[in-house]
Amino acid sequence: MATPPVKKIACIGAGYVGGPTMAVIALNSPDIEVVVVDINEERIKAWNSETLPIYEPGLDEVVKAARGRNLFFSTDTKKHVGEADIVFVSVNTPTKTTGIGAGKAADLTYWEGAARLIASVSTSSKIVVEKSTVPVKTAEAIGKVLKRNCSDPSVNFEILSNPEFLAEGTAIEDLQKPDRVLIGGVDTPSGQAAVAALKWVYNHWIPVERILTANLWSAELAKLTANAFLAQRISSINSISALCEASGANVQQVAHAIGTDTRIGNKFLSASVGFGGSCFQKDILNLCYVCETLGLREVADYWHAVVTMNDYQKQRFVERVIGSMFNTVSNKKIAIFGFAFKKDTGDTRETPAIDVCKGLVRDNAKVAVYDPKVTSEQIFRDMSTPKFEWDRPDYSRSHTRLLDNVQVCATPESAAEGAHAICVLTEWDCFKHYDYAAIYEKMTKPAFIFDGRNVLDHDKLREIGFITYALGKPLDPFLQKVY
Ligand SMILES: NC(=O)c1ccc[n+]([C@@H]2O[C@H](COP(=O)([O-])OP(=O)(O)OC[C@H]3O[C@@H](n4cnc5c(N)ncnc54)[C@H](O)[C@@H]3O)[C@@H](O)[C@H]2O)c1
Ligand SMILES: O=c1ccn([C@@H]2O[C@H](COP(=O)(O)OP(=O)(O)O[C@H]3O[C@H](CO)[C@@H](O)[C@H](O)[C@H]3O)[C@@H](O)[C@H]2O)c(=O)[nH]1
């Protein structure tokens, strides 16, 4: 492939996507200067320090190898965006909380802000890459903003859609060896030249056959569709987990039996207390809103059921805990093992733990949370923040409030001491290896354990004396609801 003149890349947004993605591009492309910019000074400071702002296995090594060589983090947005040949935009695209489409539509405030900034500082033509997840047709709107706000008529903007498919906890692996990279562009000579330029960047380490191209709208829609399909699998198996508990079947056996059918496949079939993370719910709501505005009510309803089932699963778990504990958790200490939305991340965005803890606290329980990677500040902030408010650029700097019924513990043992129950809400590997016999000794009896992730050895726990709930598995008679 010929080498297009890409000397400098800037990325607006130094978050979970912008930071790791640019670090991997810089690592593999020493001939390109890569600068990640953000309005959040603290975040940029952290990216330039020994303690990076996010925890992701392998990220430290990648950043250390490239930082100061051809990878830089800066708050000087204007300078670096102005100088760049390619500008990635990886800013928040939260669910709207007010106005038309509140609770559903994507809020493109930050995206539009980024586009206005690019237009205002551009004195040379640029490729603008949508890295953020956006509703289909966003590129058209952004194109208009860019064109009308740039004072230099000789400047041309080519917009590409290059959605990111990394999952947290495996971001570096996913970026180094992606299943595919998707690039959407318009079918004009300059549009295709822009696609070729971005392809050239990725081809530094990704074989061409893994770099897919499509038209802009297909690329934008493929991202929403991928997340909808992935989340749908989890809601599907979670719906079956409820049926398993009601019928005496075992959801892991069912998942294994169906997953060996190669048409179904065995991935993403772990029943859980519910899916979390910053993307699935937001992107499905966004997809539903797009469908609704296009008059596709039935399509919107179909996908919305995935979110409804997820909410049901979280609520069902809370009801199981309360119902099993004789219908009252009032003033009972309940240990929460795991607050992150999945293992190997400190990220708590839309974690099911928030809804479960809030549900228990509403019934006057006293929750004692332990998570190996989530700070107490974060837990208090999450527990006192209204839904969807977390996805704002200034959220991490908002004040935290201590809450009467929430305690954050430094060890699992202190969380469980005197507790009536333990709820496992994240599948951290370390949870498997605790001395549960010693933990049991210090708990109030009967001591319950509710495994919302099916990571523990349930037979062993029963031998120790725990009343054990394993999600989607035949129910211990002790756990039948008391009315
Ligand atoms: N987190 C993921 O795993 C993931 C994966 C794929 C796609 N996405 C999508 O990528 C986008 C970013 O997600 P994220 O998780 O990295 O979010 P994030 O909140 O971690 O990071 C976004 C960053 O953008 C910055 N920002 C916002 N407006 C800005 C502006 N005008 N100028 C400079 N900086 C600005 C914020 O300060 C913040 O640091 C979203 O659209 C998301 O849906 C996320
Ligand atoms: O079998 C499973 C698999 C996952 N989960 C849960 O689903 C959520 C999401 O997990 P995962 O998809 O692994 O992590 P994310 O980082 O949210 O990644 C998703 O969302 C990203 C943002 O759009 C996409 O880029 C990724 O491709 C997509 O996997 C987590 O709460 C998991 O615990 C389950 O409950 N059961």
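Cβ atoms are placed via backbone N, Cα and C, with glycine included.
If you look up TrEMBL, you'll see 13-18, Asp38, Arg43, 91-95, 132-133, Glu168, 279-282, Arg349 marked as NAD(+) binding site. Annotated active site, nucleophile per TrEMBL: Cys279, in sequence order. Positions annotated as domain 'UDP-glucose/GDP-mannose dehydrogenase C-terminal' by TrEMBL: 335-458.
Overlay of TrEMBL feature records on the structure.
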| residue | record | Cβ contacts under 8 Å, 6 or more apart |
| --- | --- | --- |
| Gly13 | NAD(+) binding site | Val36, Asp38, Phe88, Val89, Ser90, Val91, Asn92, Ala114, Lys131, Ser132 |
| Tyr16 | NAD(+) binding site | Ile54, Glu56, Glu168, Ala171, Ser278, Asp347 |
| Thr95 | NAD(+) binding site | Gly103, Lys104, Ala105, Ala106, Asp107, Gln281, Lys282, Leu285, Asn286, Phe388, Asp391 |
| Cys279 | active site, nucleophile | Thr133, Asn227 |
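Per-class residue totals from DSSP over the domain 'UDP-glucose/GDP-mannose dehydrogenase C-terminal' (335-458), listed helix then strand then coil: 39 helix, 19 strand, 66 coil.
Thr95 (NAD(+) binding site) carries a strand DSSP state (E or B).
Within the set of recorded positions Asp38, Asn92, Glu168, Cys279, Glu168, Cys279 have a CB atom less than 6 Å from some atom of ligand 2. Compared over the binding-site residues Asn92, Gln281, the count of CB atoms lying within 10 A of a residue's CB peaks at Gln281.
Within the set of recorded positions Thr95, Cys279, Gln281, Cys279 have a CB atom less than 6 Å from some atom of ligand 1.
Within 10 Å of the Cβ of Asp38 (NAD(+) binding site) there are 24 other Cβ atoms, across all protein chains.
On the 0 to 100 pLDDT scale, the domain 'UDP-glucose/GDP-mannose dehydrogenase C-terminal' (335-458) averages 94 in the predicted structure. Reduced to three states, the DSSP call for Gln281 (NAD(+) binding site) is helix. Counted within 10 Å of its Cβ, the other Cβ atoms near Glu168 (NAD(+) binding site) come to 24, all protein chains included.
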